[in-house]
Amino acid sequence: MNLNGTNGGFMQGRAGDSCVMIIFGATGDLTKRKLIPALYNLAKAKLLSRKFALVGAAFDPFTAEAFRDQMLDAIKTYATDELDAEVLAWFEKRIFYVQGDFRDPEFYWRLKELCTEVCGKNAIDENYFYYLATAPIFFGEIVRQLGHAGMTAEECDNWRRVIIEKPFGHDLESAKELNNDIKKVLRERQIYRIDHYLGKETVQNIMVFRFANSIFEPIWNRRYIDHVQITAAETVGVERRGGYYETAGAMRDMVPNHLFQLLSLTTMEPPVSFEADAVRDEQTKALRSLQMLSPEDVLSKTARGQYCEGQLEGEPVPGYREEPGVARDSRTETFVAMKLMIDNWRWADVPFYLRTGKRMAARTTEISIQFRRAPLVLFRNTDIENLQTNRLVLRLQPNEGISLQFGAKVPGPVMQLGPVKMDFDYADYFHCTPNTGYERLLLDCMTGDATLFQRADMVEAGWNLIQPVLDVWKALPPRQFPNYAAGSWGPREADELLERDGRQWNNGG
Ligand SMILES: NC(=O)C1=CN([C@@H]2O[C@H](COP(=O)(O)OP(=O)(O)OC[C@H]3O[C@@H](n4cnc5c(N)ncnc54)[C@H](OP(=O)(O)O)[C@@H]3O)[C@@H](O)[C@H]2O)C=CC1
Ligand SMILES: O=C1O[C@H](COP(=O)(O)O)[C@@H](O)[C@H](O)[C@H]1O
């Protein structure tokens with residue numbers, strides 16, 4: 001992994017290998033909003049090989065021209081970098097399309113023929129980069145069919161790599177099944193299970209912050225840390241993805257993947273190197289050290305909710321059950337909070353409180369580390385609560401940065417303490433806006449660096465922990481949903497989860 005870049009993020013580093021990228025699901029939402037704009041950004045930054053081509057694959061009977069127009073529109077709408085006519089023209093010439101049904105074996109022979117032709121005519125090396133940006137029910141099927149058509153075996157110097165989107169499985173059993181299925185065709189080194197959080201600069205910065213600064217690591221443990229809160233709060237609802245979200249809910253959508261990535265990076269031991277497997281070994285170890293929740297724990301250490309209509313930024317917003325694609329009596333949770341403990345020497349007895357939800361009061365993804373209070377109250381007029389002053393917040397989005405809160409004397413004749421904050425702001429300091437994450441991950445796949453992708457054992461460790469929660473929830477009588485208003489900080493029971501421990505959520509404090 002290249003951790004040398006600082007002020008340019010993905011803009012630095014070596015360009016991707018010559019390859020054909022085949023997107024399965026090329027007419028879909030993810031391709032339009034994230035993948036194509038990210039590819040354009042890479043092209044503009046000269047990080048896409050000059051010998052690159054894109055083959056879109058989907059069910060729609062598009063002509064190649066119509067598909068190209070759609071992709072150019074997507075770049076114009078969603079690219080974060082300024083448009084450059086020359087780059088656009090270069091990119092446009094390299095876009096191809098193949099129509100078909102992913103379940104149809106004949107489709108793969110047509111795809112193979114097109115890829116061979118594209119490589120031949122454009123002098124592109126036959127490295128194939130498959131991106132599965134389609135419904136999860138097709139993941140196993142596509143890999144199997146690619147194998148059958150002889151499109152996955154690596155020959156001589158040519159590689160074949162597959163990015164698999166989330167959700168990777170629906171539960172522990174299906175995740176294991178999918179891992180087994182794809183491993184019948186691919187080697188682990190060819191599989192890139194994506195979690196776009198890992199592509200975010202500020203998520204990678206957790207490692208740099210911890211392991212490049214000698215002053216924090218000595219206090220990064222149970223002796224100094226009282227508890228940790230990890231929050232991924234969104235103000236958006238389910239937008240166009242009601243159909244998918246109904247089958248997932250907040251727990252499956254965010255916890256075993258994004259939140260557990262943040263948790264494992266925060267708690268893992270220093271890796272022996274920044275090679276892919278060294279980092280992933282430590283992350284997996286951290287996840288395996290999480291205490292399994294018993295059925296009683298599920299009742300007392302988890303909270304869930306669903307939003308009803310409310311107000312956000314002064315505007316009325318509908319409830320979850322009014323969103324398109326959502327059942328009017330839906331029982332799907334749009335908020336989840338949990339208390340987890342880690343059974344190892346570094347973290348024993350330190351609670352980790354995790355929460356994520358849609359339509360919450362503010363958009364914020366952060367890790368808040370609350371240090372223990374000073375052992376004695378030496379100052380008159382200061383109560384013990386005011387000594388709870390040292391808090392380190394790693395803000396991942398928006399306003400990416402880090403802030404450290406500590407106690408300072410309030411000016412005046414009386415010795416009184418007040419909490420103050422020292423703030424580092426990523427954009428201010430480095431004069432750049434951290435990217436969405438997809439640029440970095442696409443480039444890493446094109447250069448063969450799997451550090452920021454999930455390994456099979458990591459995915460299974462995540463599901464293993466939340467499976468008992470899903471099982472208990474399923475067995476319980478239906479919850480009284482909805483139970484929190486859009487624009488609030490979630491249901492009352494999430495606050496009670498911390499209040500029982502004499503603590504409270506850090507809502508932007
Ligand atoms: N959208 C997002 O923001 C995010 C999406 N993801 C994941 O990315 C993946 C794709 O999501 P998204 O883009 O939203 O999905 P969409 O439903 O928008 O797109 C699905 C794509 O798959 C194609 N497709 C579906 N069935 C077939 C078939 N039988 N044969 C050929 N093509 C088919 C569709 O083609 P056609 O339209 O021609 O029928 C379309 O191109 C999912 O796994 C999702 O969970 C992950 C994170 C965020
Ligand atoms: O994977 C997903 O992530 C997004 C949140 O990602 P972010 O980069 O905007 O923080 C979430 O909205 C979506 O439901 C989930 O599928």
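Cβ atoms here come from the backbone N, Cα and C positions, even for glycine.
Feature annotation from TrEMBL assigns domain 'Glucose-6-phosphate dehydrogenase NAD-binding' to 22-205. What TrEMBL lists as NADP(+) binding site is Gly25, Ala26, Thr27, Gly28, Asp29, Leu30, Thr31, Lys32, Asp101, Phe102, Lys166. Here TrEMBL flags His196, Lys200, Glu234, Asp253, Lys358 as substrate binding site. Taken from TrEMBL, the feature domain 'Glucose-6-phosphate dehydrogenase C-terminal' applies to 207-506. Positions annotated as active site, proton acceptor by TrEMBL: His258.
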Enter the number of other CB atoms within 10 angstroms of the CB of Thr31 (NADP(+) binding site).
24
Cα-Cα, whole number of Å: His258 (active site, proton acceptor) versus Thr31 (NADP(+) binding site)?
20
Do any residues at least six apart in sequence from Lys358 (substrate binding site), in the same chain, have a Cβ closer than 8 Å to its Cβ, and if so which, in order?
Glu234, Val236, Gly237, Val238, Ala250, Tyr307, Tyr320, Thr334, Phe335
Of Asp29, Lys166, His196, Asp253, the binding-site residues given in the record, which has the fewest other CB atoms within 10 A of its CB?
Asp29
Running a distance check here. Ligand 1 versus the binding-site residues Thr27, Asp101, Lys166, Glu234, Asp253: which have CB less than 6 Å from one of its atoms?
Thr27, Asp101, Lys166
Can you tell which of Asp101, Glu234 has the least company, meaning the fewest other C-beta atoms within 10 angstroms of its C-beta, among these binding-site residues?
Asp101
Per-residue pLDDT averaged over the domain 'Glucose-6-phosphate dehydrogenase C-terminal' (207-506) comes to what?
93
Provide the three-state secondary structure of Asp253 (substrate binding site) computed with DSSP.
helix
Looking at the binding-site residues Thr31, Asp101, Lys166, which has the shortest Cα distance to His196 (substrate binding site)?
Lys166
Which binding-site residues from the set Gly25, Asp29, Asp101, Lys200, Asp253 come near ligand 2, judged by a Cβ under 6 Å from any of its atoms?
Asp253
Under DSSP, is Asp101 (NADP(+) binding site) part of a helix or a strand, or is it coil?
coil
